[in-house]
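Asker: Residues or ranges marked as domain 'Major facilitator superfamily (MFS) profile' by TrEMBL: 48-451. Annotation comment: TrEMBL describes 46-72, 102-119, 126-146, 152-175, 187-211, 217-236, 266-286, 306-327, 339-356, 362-380, 392-414, 434-454 as transmembrane segment.
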Amino acid sequence: MGINEIGDFEPFLNNSINDDDFIEYGREEIEKKPIGFKNFKYKKEIIILLVIYSLLIVNSFLYTLFLPSLFINYVEYHFPNLPPGSDSQQSKAAYYKSYSDSIPNIFMFIFGPLAGVLSDRYGRKPVLFAGGFLLVIDMVSCYITILTHNIWPFYILHSIGGASNIAASAVLSFIADITSEEERSLFYIFTGVVSGAGIILGPLIFIGANYTKIDNLPLFLSMGLTSSTLIMIFFLKESLDIAKEDNRIKFTEYSSWNPFKVIKKVFSNGYVGLVCLLFISVNYTAQDILSTYYYYCTLMYNWGATMNGIFMGGLGVFIIFWGGVVIPQLLKRYSQRRLISLGLLISFLAHIGYALSLKQYIFIIAGVFGAYVPNNIYLIQSVISSSTSPEVQGSVISGVQAAGSLAGFLGALAANDIYSFFISKDSPVYYPGAIYLFNSIIVLLTFCGSLLIWKFYEDPLKKK
């Protein structure tokens, strides 16, 4: 029976199953030793895909490192009375940056689920291309603002460009299409490893570009590299076709164009809905470092662009260490669920370190442990993906990503505003690390929540 013959749209094939049994169909996770790359059937597709994803991460961090200078220069131009490098100038720049960090997540929340439905119907490649193209438009808007000293072109197109995160959802859906449940967790971790490589290369390129005399070179390089990924997409075979050939997808017609019905269905199931809440919490609390670390380290340790780039590149090294060395070994002995809780505990300790980092070495050590967090995000997504029928991978993954983007919007807004307030004259206490302390409490509660989820929702496919 095709899904168009079923009354209500169901992201899980059998609409007669209840919430407890539905996980068994989707296969929440299988505690088998992950299958290695050597015997993987679609090596060409996975290599090209991971190269594309790595380049997108390179461009993202190269662009991210460039943006703080955009706002500092904007404040210098429009508020010349503020002393260069002063707390007041930093506070003003962080205020303007808070909007550019947060509002794009709203556009991902709005358009991400629709992109997921489209990817389930028409393929992952068009959505992946659209995500890369939006990122190029975003960068063009940044250059327009540099030339005109008008922030509004950047705000508008950068906000729309927030939907470029659909590319990440397309990558994860692509991997889900060409892997089995046994393979998926390993290859999702591979995406974390290549993102670590991207985080290393992005700052290195940024540092090298800063040594040249060419204005805005990091931005031009970002545009060029992102454009090159658009060309590489054409060399991929559509993963939906692969899934059909391997009989992973049984039907392709859907009764509803409303993507938010998928989100509602996901959250209506107790287990998957609670795992999604873990994903949302991690996305919220991750925004503090992403949004404020550049200004924080400049203020506290007098780091310049080069040192900030070195720190971010160092994080990439440890993201690879966690995702490429530690986690694959742990997956041989422990379930994804245990590693997710371990990651939350590590994130809590890292946040405490950030909050108490009066010395730069404390901040750096905290960053070493905080580098586990991106891999934890992929582990959570792997659990969600394995709980989802193949026919609606794009819809569900994009829907969950969209919910995470909404959390990212709130997290970025809160991080920048709290940081800006606690270094301003209005604050009763001067405490630049306040946001890290506040978020450590949320991470600790999330860790406790994960233990309760695993306690009350047993893995259906766990070996007896």
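Heads up, the Cβ atoms here are built off N, Cα and C, so glycines get one too.
Note that the structure is predicted; figures quoted are calculated from it, not measured.
Burial and contacts for the listed features, if you can.
Answerer: Mean model confidence of the domain 'Major facilitator superfamily (MFS) profile' (48-451) amounts to 87 (pLDDT, 0 to 100 scale).
Only residues 6 or more beyond the boundaries of the transmembrane segment (102-119), in the same chain, are considered here, and those with a CB under 8 A from a CB of the stretch are 126-127, 130-131, 155, 158-163, 165-166, 169-170, 173, 254, 257, 259-260, 262-263, 394-399, 401-403, 405-410, 412-413, 416.
Counting only same-chain residues 6+ beyond the ends of the transmembrane segment (187-211), those with a CB under 8 A from a CB of the stretch are 37, 46, 50-51, 53-62, 64-66, 171-172, 175, 179, 217-218, 221, 305-306, 308-313, 315-324, 327-328, 331, 371, 374-375, 377-379, 381-382, 385.
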Asker: May I ask which of the stretches 126-146, 152-175, 266-286, 392-414 has the most CB pairs under 8 A with the transmembrane segment (434-454)?
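Answerer: Of the candidates 126-146, 152-175, 266-286, 392-414, 266-286 scores highest.
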Asker: Within this structure, do the transmembrane segment (266-286) and the transmembrane segment (46-72) have 3 or more Cβ pairs under 8 angstroms, counting pairs 6 or more apart in sequence?
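Answerer: They do not touch: fewer than three Cβ pairs between the two stretches lie under 8 Å.
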Asker: For the transmembrane segment (362-380), could you work out the same-chain residues 6 or more beyond its ends whose Cβ comes under 8 Å from its Cβ atoms?
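Answerer: Contacts of the transmembrane segment (362-380) (Cβ under 8 Å, skipping residues fewer than 6 from its ends): 185, 188-189, 191-192, 195-196, 275, 278-279, 282-283, 286, 289, 297, 300-301, 311, 314-316, 318-319, 321-323, 327, 336, 339-340, 343-344, 346-347, 349-354, 356.
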Asker: With pairs fewer than 6 apart in sequence excluded, do the transmembrane segment (339-356) and the transmembrane segment (152-175) have three or more C-beta pairs that lie under 8 Å?
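Answerer: Contact between the transmembrane segment (339-356) and the transmembrane segment (152-175): absent, because fewer than 3 Cβ pairs are under 8 Å.
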Asker: Is the transmembrane segment (266-286) in contact with the transmembrane segment (339-356), using at least 3 Cβ pairs under 8 Å (sequence separation of 6 or more) as the test?
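Answerer: Contact criterion met.
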